[in-house]
Amino acid sequence: MKTYTLYFVIFAVLIGGGFLYYDGARQQKEALEELLPPPPAGGPENTSFPPLPNAPVEIGAEDHMMTPPDDANGSGMMEAAPLKEFTIEAKKFEFSVKEIRVKKGDFVRINLKSVDGFHDWVVDAFNAATKQINTGGSSSVDFKADKTGTFEFYCSVGTHRQMGMVGKLIIE
């Protein structure tokens, strides 16, 4: 008989604790919702940016990056800067590409694919980094090579950089 009483007390404490936990979570949710601004009139469809007037849309068009010209010819027109694209595979403590050479003013796109492990690609001098990705994943980063020199790129995961997962970005 005492064991049934003990089980009943434990059961009652668990039920009471669950109720208090649920009630506290509900009150916390309500308090947080009071801090949020009201939703926009008309519902969630009005939360996106309006379309640009007269903006042409090209399905399947390639992404071209532009840079202002030197305006040596006085045209005032925008000119496309060269896009240099590199696909790099990352695996245990090494990149498939050890050296990247581009010219100053080029736009650079790095497509990183992880074939083994968790990796990213970082070059501090241009504040450029891919997302950290796992085996089979991919991530890209774009940046403008706007200064000359030799810069180190590396994997920032754990001790991968110290283990030799580095390379050179040379901008001429």
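Here the Cβ of each residue, glycine as well, is placed from N, Cα and C on the backbone.
As given in TrEMBL:
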| type | residues | note |
| --- | --- | --- |
| DOMAIN | 80-170 | domain 'EfeO-type cupredoxin-like' |
| REGION | 35-58 | region 'Disordered' |
| TRANSMEM | 6-22 | transmembrane segment |
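Across the range of the domain 'EfeO-type cupredoxin-like' (80-170), the DSSP-based residue counts are 3 helix, 48 strand, 40 coil. If you average pLDDT over the domain 'EfeO-type cupredoxin-like' (80-170) in this model, you get 94.
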